[in-house]
Amino acid sequence: MSSQKRQSTLSRFFTTIKPSQSTESTLTEKVSSKSPPLPPPPPPPTASPSLPSEKLLEFGFDGTKDSTSTRTTTTKSKDVEKRKSTTSSGSSFSSESKPKRPKEKRLTPLEKQILELTEQHQDKILLIQIGYKYKVFGINALKVSKILNIMYISNDIEDTRFHYCSIPDTRLHIHLQRILSHGYKVGVVKQIESTIVKQIEKTSKSSDVMRREVTGVYTKATYLGDESNENTKGSWDGLSSSSSSSSSDVPEYIVCINEVSEKQFAIVAVQPLIGEVIFDSFKDDISRQELETRLLYLRPVEVIVITNGSSEQISGPTLMTLKLINHNCNIIHKSGSPSENGNENENENENEAIEAIMSKYLNEKLVEYYSINFSIPIQQCFEYLLLYLNEFKLTNIFTIPENITNFQDSKKYMILPANTLNSLEIFTNTTDHTTKGSLFKLLNNTKTIFGSRLLQKWVSRPLVHIQDIKDRHQAIEDLQSEYNHVVDSISNFLTKIKYLDLEGLLSKIHYSSTNNNNNNLRINRKQVYLLLSNLQEILILVQKFEKSIKSFKFKSSLLIQIFDELLTISQTDIIIIENFLSMIDLSFIDCKESSEQCRKFFKRNSFDSIELQYQNIAQYQQQIEQEQLEIIRKELGNSKLKYVQKDGERYLIEIRNNQRDKLSKILDDKDYILIKSTQTITRYRKKSVTEYLKLLQYHEEMLIKTCDEEFQNFLKDLDSNYTLFYKIIKNLAIFDCLLSLTTTSSLPNYTRPTLIDDDLTILVKQARHPTIEQLRPNYVANDININIEYDKNRVLIITGPNMGGKSSYVKTVALLTVMTQIGCYLPCQNATMGIFDSIFIRMGANDNILKGYSTFMMEMLQCKNIISMMSNRSLIILDEIGRGTGTIDGISLAYSILKYLIESEFKPLVLFITHYPSIHVLEQEYPNQLVVNYHMGYQEIKNNTPGEIPEIIFLYNLCRGVVNNSYGLNVAKLAGISHDIIKQAYRVSEKVKSDIELKEYWKFAHSLNKALKEGGSSSPNQLDDIDYYILSKHSSL
């Protein structure tokens, strides 16, 4: 029979086999009855693909993977041949033939199991373990095959529910992360029993399918890294798998937003990787500026939005804000019943309902804590997050109150609004939205993942207490002052663990400690050992330098606290870590297989239950390797006979084929089972050995099960010391951040600022923009002289040519303020800085099409928010207010807004950039230099050619006075606009100026004529105006 015809026979056989003769592994895709309509299956290929022996094994024909013996299927092949279609094996249905509906047939046990699982989990993609592969069935298989670029297999099965794609079980987490990155929720279904355990314990009928359960559910934000693949080289040598997601610079938050009313909001955010919980309540308007600020900090990948009972959908402004922050964000809508306007009884009922749900996941003490300390809208967020995270086994995140923080703790931190974060490019630049050129990129010299995470919090929330700021400045000075071998040693240690996220590993232990399912632990054994061994190493290092630490002359209380706490722990609590490590057998490090790591992780004498299983294994090994082997030697008359192991089959005996005939009667009489035959030898196993081998395999399975149970208990004991471990890691993170700021502060020409708490002084000599100077070494420095001690220079009106450096100057002022209060030195010769509690910036032309707002509307909304939120310690920067509308309206609004800020009772510090020359009159309206006009310096070079614009040279330095010309035509020339267009624009510009001057002359002539006619009746003020006009015109000529 030809190869093609033989393959056609097999292919036909797979589709027509009776249920009683089928195997589990002949399955393909599954689509539940509630799934959307499926596309038609792809036409079969013109030639059937070959099915080598490896492919048959994949389908389960090896007798070890939920399958019947291959011999059974072979005996039926002739019957299948008779039922073959008369059509050729490679042909498909003709175009004229009608598609046939799949024949109704009884489903195999595995098919039924797959359908039941997918019916129960229609909201997720299921990766189902079958043998040594994970398979995806139905329409989900089509999605996954495209994501992973793997084969989508139909095998000519008409029922598309059983078309599938598959991945090796050893590559589960690698492929899982790729699927999650596309926004899907994924469930992992594992076989939770083995064939041998099933046979020995007889837990179910022998014909039943293997038990399978969903052991883990994941999304992009709830996946905490490679939790079980201990056979990955990177998880040990590179230390990088401790938290694959933690390596990202942007934390992945899950946020719950409660729309209590149109203007009142509550929010709770969780970061599962490190167990952080952030809450807040705030008022907002239709622009959702406050919500946008919080979302920019959190950058959520999953959002739950709770709306009140009267609203059936998320409000438009909220939805648009979410999409603008992250258009790939997964948004879940929940209907709630916020009780902002309810009466007392309604509040009590709501509170009781929330407590009833929370009590299912938290103990009574914690439920009471949440009920007492948080408002009902915040409690509702906690409630929905508990319900949501329960599916992912992450409710433990709410069991550590110390990890819960308030977003806007105004007593300790300055909260930078969304516009400020974007305009100052704090975390990302405005060009390609990467970290290049951002302030965080400049400051982030951390050596560890958890240190970088903490520094991000420091940058996003500058300090407002002068003593806290001085402590960080002093720490930098102490670290800079002289070489310290202790500091250098700890710094080297942090460099060594740069890929190991100790904070993330500790959170994984916390989640796993209450997870009773050993198939879904969040952390593996190598990661546990790495955590403990590195914590021990740093404490031993501190012990080694005990005398040096005690003799430190640090002035910084922050550094003193770090070393004192580490030294105390090294003296009193290191024994706890040592006790845990004493239970671990270090030989497991060299094990490659995860089952071998499991067996060898603990020392045998650490747990009686493990030792008992080893004794059982030794008993059956002795039966096979000594007693049974002796019997075999006597029966076969070979005293030197030894067992061999081939292809994973243990305890085989080999007999050469030329001796097989002599021993055939003994082999038959003594129950020797033929295992495999080759051209030269035949391998057997004695039936009694097979029985003992089953018992041996059973106890080996029991050993793994017992080791897993003891590992679970081990994690619970570790979690009971969570506070101790967290204190060590937190101190290391703070030290890492201080080293990072020290590195930046050690750049050339950086200096420590002098702090003043009494007023909003900003006095800086030769200030430089911190990020631009890294990109442009020839950056022009400027002095900053803002001293409002006597209410002088409180408002700066800045004019000047386009591209003259106005925006760069005001951004420098703001960035130096932020850097000061983060605790970093400044790029300047010297500086005296006041302490601000807020920085507001309105800069740039930003329309918002999705929100339906024009540039001018966004401008006015942002100005309104600034006016409503400013304080007596605010720095306000406004850039070209009023340019989004007509000139008259723009000037009027710019003048009025600035005048309001000048006269406000809060007296904020204001930097006002404008191209409206008439605004400069405010300097004359307010005496004592309260308002001062400045402009960016330039040099104009006259062009003698008629009709040609003058050339200008930008000097980029700040000068006193006002400039009336913005030199926009010069910018157009730099941009490459056609010379003819620029010449035409220059002629129009000159004509407009001439017309304006002519009108002013006519006005002057009219006033002069009137004065002459009236003789001496003219008022002194009127005559003064005429004199002033004549003098001004004369000086201009």
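For all residues, glycine too, the Cβ spot is worked out from N, Cα and C.
Fair warning: this is a prediction, and the values are worked out from it, not measured in the lab.
The region 'Disordered' annotation in Swiss-Prot falls on one of the ranges 229-249, 334-354, namely 229-249.
In the predicted model, the region 'Mispair-binding domain' (102-221) has a mean pLDDT of 88. Put plainly, the binding-site residues Gly800, Pro801, Gly804 were compared by Cβ crowding within 10 Å, and the winner is Gly800. Same-chain neighbours of the ATP site beyond Gly800, Pro801, Asn802, Met803, Gly804, Gly805, Lys806, Ser807, judged by a C-beta within 8 angstroms of the site's C-beta center, are, in sequence order, Met936, Phe954. Within the same chain, residues at least six positions away from Lys806 (ATP binding site) with a Cβ under 8 Å of its Cβ are Ile798, Thr799, Gly800, Asp879, Ile913, Met936. Secondary structure counts, DSSP: the region 'Mispair-binding domain' (102-221) has 44 helix, 30 strand, 46 coil. Within its own chain, Asn802 (ATP binding site) has Ser966, Tyr967, Gly968, Asn970, Val971 as residues 6 or more apart in sequence whose C-beta sits under 8 angstroms from its own. Taken residue by residue with DSSP, Lys806 (ATP binding site) is part of a helix. Cβ neighbour counts within 10 Å, taken over all protein chains shown, single out Gly805 as the most crowded of the binding-site residues Met803, Gly805, Ser807.
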